[in-house]
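If you look up Swiss-Prot, you'll see 335-344 marked as compositional bias 'Low complexity'. The region 'Disordered' annotation in Swiss-Prot covers 1-51, 322-355. As annotated by Swiss-Prot, topological domain 'Cytoplasmic' applies to 210-216, 288-293, 469-476, 577-946. The annotation transmembrane segment is assigned in Swiss-Prot to 79-99, 103-123, 189-209, 217-237, 267-287, 294-314, 378-398, 401-421, 448-468, 477-497, 556-576.
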């Protein structure tokens, strides 16, 4: 079941690029291919670089063919790769037997780290900063020596021979874009790492392979047959994936350029999510079976886990950024219809906005709230179950009690809640019960979520308690199948956790708690994430953890609970979910998922006919069960209507104190007196009125020189002056005044809050803040020529907190300080003091709008221009924006909100109403109310009689 209303992403892997053409910029730019050439070559693939250059993408071949096919041209890099592979094979033969296992384990781990960490780092910096292309440009690798600008003509000639030998058609290195040439060089590095990774793994498996003692022929034959089948399946997955995505996505081509064609995906991409990283590693476990070695199995699991980390950290962020960018923010004029009725409705809604909606999610450890009754009760009951399981003896009586308890909770979770949901679907029984007592539908929904969450928690906790009672710690882990059962069992538990996480991410809180049983669903059915491949993932892999725990305990009662749980899950899907889904969505329901389609399409005709016959028998027999369940449901449902029922800490981490000396050789000839730095920003309104008559934290001593006070989050413009011969790698950093004890050497890192004095001197996107550099400046000293520059600190380069800050000008990419700005303060204007005239939502909106715009970087695609305009989609995707806003609200209005409130409200008007509602609730406890009366009871303490 998938009732999520979000757009389907359809992007599950870097090898799975479904919308490449739509992602290519159509901006006017220099093109290396004319329209006439395109028409003359209609079957060619065209690529487009980030600057808009269009070029023909030549045909290339996979690395195995390039290396081992004698018909393919060979070059020096092929010889190098083959020589390194031969060295691996020689080592497996020549090393002493006692050293083969540890050495080849280290060799494989080295190449796996080169893959996941090395390639991962290169791809990350290329995705974020285009760093590989910058390196190639800076080193002038592809600069034609005829121009006289290439310092290494021999390297250019070598690269030209290497690359052009591999691609005889449609490719000339001198004519190809820089991005494409860089990608080709990157490919050769990838070829080396991947081939060595695979060969070293196979050699490690060979040196670990052995025949277990007393292994029978049947077990050995089954082990080899299954192992060979898994390796063959793995080979087919790789070949079919390469057939679909070609070399472009195989080698992460879209980190460098985009292709101008629609990509079609079928075959293996219909079977499983991330097929290259999920089922594409089945061969590892097949080889482990053939080797009959736990060492190979464990190193396979480690490598597989590292590959999933690579997917999550490197590929998925790039996919989201490239193929699924946030949609543009809706403007106010596009949100309001031109019809009078819509306009009137809009005016009414703005005058009397509805009560702010709750955004307190329940699922997940990060949503745990000890002050919420459901979470509090869950912790107490889980603690009770754990205590009982630990303190009671594991006698047959107690074991039986725990098993029965687990079965009862499983029955309640599947049958009891299933009956309630069925009655809710047919007659809104649960909602009507609360309406009868004057509650609302929203209250019924909250109570249902609590009941379901608590029931699910106790169902699984009671099952784990029963497993604990039935489990016997192995006396010998090497005996029989003990270790294998634990490994497979833990893997099945991990599979169920991943399945549940994928389901929750796809459905959200609304779908997880069956929200369409309680409210009319306005969204369309979407099939994304795990639902792209399976209609009901709970049917097969949703209970894998039950069978995993049964394997680990190897207990017949636990196997019985797992069987009951699986059967009840199938029944819940068939008799609770499916009828409701058919009633709500009707013909919009998908009949076959991606995996089912692929399997049916792959079956031979005789098997297809047999499958149709089996389906007919199943449908005929199903009517009997339906009639039986209808009768049972009526009886079980009788009387069911009477059933009732962040903290955070901020740590600033600093490295050890630097030991840089102020007297550094490269400082010779530079006088700090010739450097200066100043700044301008948006001043805080009324910031100069600091001195008051109050004995409070607001009281300040007036002085002649006023400290500059800037708005929270407003951009700060920095101007610097330096000698004309200053280092090209000078830079300016932003620090809190209290962070550095020394005025000569900076002791703490900037954490990204810095901008270089000149562009193109560093490899990252820090150049974005540069406005001007090395402009002639008025010289205060006749003997020294001065230059000046300007830069802007905004967005992530600011400290999103209140405090006193300073800018520091540093010399030559080091931490030697040449100039320090005057201290300045960043502060939020408090609007909850007794002398601040904030009387209603309109005043709150007026105070909040400019701060929210600052928090959203004043970006037109994110920040609203008016209180009615919606926030950009970036606010939902990146929590940093919401954290900035709630910090500002907390210090401006004295009301603390969770970050999830900001994207849930979506505009300033709703946020203002939420603030007013919260302040109204908290008004009796507000300190400002008490400040209106004298702080000391003078009359009582000093009577007039005295």
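Note: Cβ is positioned from N, Cα and C throughout, glycine not excepted.
These figures come from a predicted structure and were not determined experimentally.
Sequence-distant contacts of the transmembrane segment (378-398) (same chain, at least 6 residues past either end, Cβ-Cβ under 8 Å): 370, 453-454, 457-458, 461-462, 465, 468-469.
Under the criterion of 3 or more C-beta pairs below 8 Å, with sequence separation of 6 or more, the transmembrane segment (103-123) and the transmembrane segment (401-421) do not qualify as touching, having fewer than 3 such pairs. The average per-residue pLDDT of the prediction over the topological domain 'Cytoplasmic' (210-216) is 83, rounded to a whole number. With DSSP states grouped into helix (H, G, I), strand (E, B) and coil, the topological domain 'Cytoplasmic' (210-216) comes out at 0 helix, 0 strand, 7 coil. Residues 205-206, 208-212, 215, 223-224, 226-228, 230-231, 300 of the same chain sit 6 or more residues outside the topological domain 'Cytoplasmic' (288-293) yet have a Cβ under 8 Å from a Cβ within it.
Broken down with DSSP, the topological domain 'Cytoplasmic' (469-476) shows 2 helix, 0 strand, 6 coil. Through the fold, the transmembrane segment (294-314) approaches residues 13-14, 101, 105, 108-109, 112, 115-116, 120, 123-124, 127, 201, 204-205, 208-209, 274, 277, 281, 284-285, 287-288, 483-484, 487, 491 of its own chain, all at least 6 residues removed from its boundaries and within a Cβ separation under 8 Å. The residues of the topological domain 'Cytoplasmic' (288-293), classed with DSSP into helix (H, G, I), strand (E, B) and coil, number 4 helix, 0 strand, 2 coil.
Long-range contacts of the topological domain 'Cytoplasmic' (210-216) within its own chain (CB-CB distance under 8 A, at least 6 residues past either end) are made by residues 291-293.
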